[in-house]
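Colleague: Have a look at the structure that comes next, please.
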Amino acid sequence: MVIRSGKTNLNPPCALMAPSSSCDCIIVGSGLSGLIAARNLSRVNYSVLVIEAQERLGGRMYGEYLPSGQWIDRGGQWVGPTQDRFLALLNEYNIERFPSPADGLKVLLFDGKRYEFDGFFQGVFQGEAPKISSDEWNDAMVAWEKFNTLAQSLDEQHPEATPENKKLDSQTFADWIKENTHTAFGHWYFSYMCRAVGFLGPAEPSQVSLLHILWGHKSASQGENPEAELLHGGAGQIPQKIAAELGNSILLGEPVIHIAQDDKGVEVTTTTGKYQGKFAIVATPPHLAGRITYSPPMPPLRQQLTQRVPMGTCCKLLISYDRPFWREKGLAGIGLGNTTWIELCADSSDPTTGVGVIASFVVGDRYGKWIAMGEAERRQGVLSDLALYFGEEALSPETYDEVDWPSEQWVGGGYAAFMPPGVWTSFGQALSAPVGRIHWAGTEIAPRWAGFFDGAIRTGEAAAKAIIGLL
């Protein structure tokens, strides 16, 4: 659901000619991983066809411009210093970056109290700590060291094969939190990380495997500052730039319903046609790949896997103001807390526009209660929470956008998919293994930076490389 008006889509539907119905490789899905796979194959003169269910490109990489000229990324938006594949892509397309606004005091709201502090929650806490009780703070930090040590013992390439993996995968993250934190703040802090920071979901701690959370931290650590920078013009401009290299090789608005394969090739059936190729790459989240029927059927472990990997629960809120008023108060525009709806918010303003933009999120169990309310009540709830962080000016935005990812039938949630208990060790071996002529891509299967754009790029590159080796 989107509440907006007067905006320009950064990745609108392409005006494309009818592509050839036969090619070297068919790519299902035009998210970043699918587009990268198609581009890399095309660059070495293999013919490709990208088939997308939606009427637009990009999947979770999707943006718009406000009437003020400020861009907003309705999907992912940040990049970090160790996300080398994403940084290489930005450099290739001459997309400029700027530091995520962070100057000033951050705000922690906990149990009705407000704390301003000059530090960062990036892995091990850095800088000045919030002035909560030392017992509560020490509880969270001691537990964090235990969590980090446990995560470092994992093999990020093969989490299903790590030492004691069965034991870790049999527990929820909530089990670990209960055992390792002893104060209300410690309990909330780790629950918040699971919901707001995500470690892939976001999910409630009771829903996600401890093994999966640990793997997410090892693969995509907040300690590497993945939200260090934003992009001038937004990440949503990237799909169109890649698509420009693919010419008439993209079909939009054609959901794939069936893929057949034999020893000669594949046939992909959409709601309106059939297309032949030598190989296929399915570049969607696992649950969407599971909606497609296959002939011959997928192996049992693959079929079982796609039934068990849900998307995280997240609605992104983008609220713009005539100026970043919080800076006048010495605030950074970054807040976290156990408020009614908004546990995390961040300044996403482009310094070249003068407009103030706050990105925030309603996640986990909060989402179900919030989305059931009326539009006006939802808006008031979000703005009231932002006022607790930044002051009464937050109640009067210029624009207010709800990006309801769980309602998107061809996405189904955000930020990414997660593994409930038992899934990694019972079915994880089927996550990325090709099945005959069908290969997989998507940020969920990345061994490094899973859940981020960088992970999506890595899997698109890997899938294309594998296909090139077979053609």
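Using N, Cα and C of the backbone, Cβ positions are placed for all residues, glycine too.
Pulled from Swiss-Prot, these are the listed features:
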- Gly31, Gly34, Ala283: Mg(2+) binding site (BINDING)
- Ser33, Glu52, Arg60, Val256, Phe453: FAD binding site (BINDING)
Colleague: If you draw a 10 Å sphere around the Cβ of Arg60 (FAD binding site), how many other Cβ atoms fall inside it, taking every protein chain shown into account?
Modeller: 22
Colleague: Of the binding-site residues Ser33, Glu52, Phe453, which one sits closest to Ala283 (Mg(2+) binding site) when you measure Cα to Cα?
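Modeller: Nearest candidate: Ser33.
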Colleague: Could you check the binding-site residues Val256, Ala283 and say which one's CB has the fewest neighbouring CB atoms inside 10 Å?
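Modeller: Each of the binding-site residues Val256, Ala283 was scored by Cβ atoms within 10 Å; lowest is Val256.
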Colleague: Between Phe453 (FAD binding site) and Gly31 (Mg(2+) binding site), find the distance joining the two CA atoms and give it rounded to the nearest Å.
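Modeller: Taking the Cα atoms only, Phe453 (FAD binding site) lies 10 Å from Gly31 (Mg(2+) binding site).
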Colleague: Tally every other Cβ atom lying within 10 Å of the Cβ atom of Gly31 (Mg(2+) binding site).
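Modeller: Summing over all protein chains shown, Gly31 (Mg(2+) binding site) has 29 other Cβ atoms within 10 Å.
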Colleague: Can you give me the residues near the recorded Mg(2+) site, meaning same chain, not Gly31, Gly34, Ala283 themselves, Cβ no more than 8 Å from the center of the site's Cβ atoms?
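Modeller: Going along the sequence, the neighbours appear as Ile27, Val28, Gly29, Ser30, Leu32, Ser33, Leu35, Ile36, Ala37, Val50, Gly59, Ile281, Thr284, Ala441, Gly442, Ala456, Gly460.
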Colleague: Output, ordered by sequence, the same-chain residues six or more apart from Glu52 (FAD binding site) with a CB under 8 Å from its CB, or 'none'.
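Modeller: Residues satisfying the criterion: Gly29, Ser30, Gly34, Ile250, Leu251, Leu252, Gly253, Glu254.
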Colleague: Could you state the whole-number distance in Å separating the C-alpha atoms of Val256 (FAD binding site) and Gly31 (Mg(2+) binding site)?
Modeller: 15
Colleague: Cα of Gly31 (Mg(2+) binding site) to Cα of Arg60 (FAD binding site): how many Å, rounded?
Modeller: 7
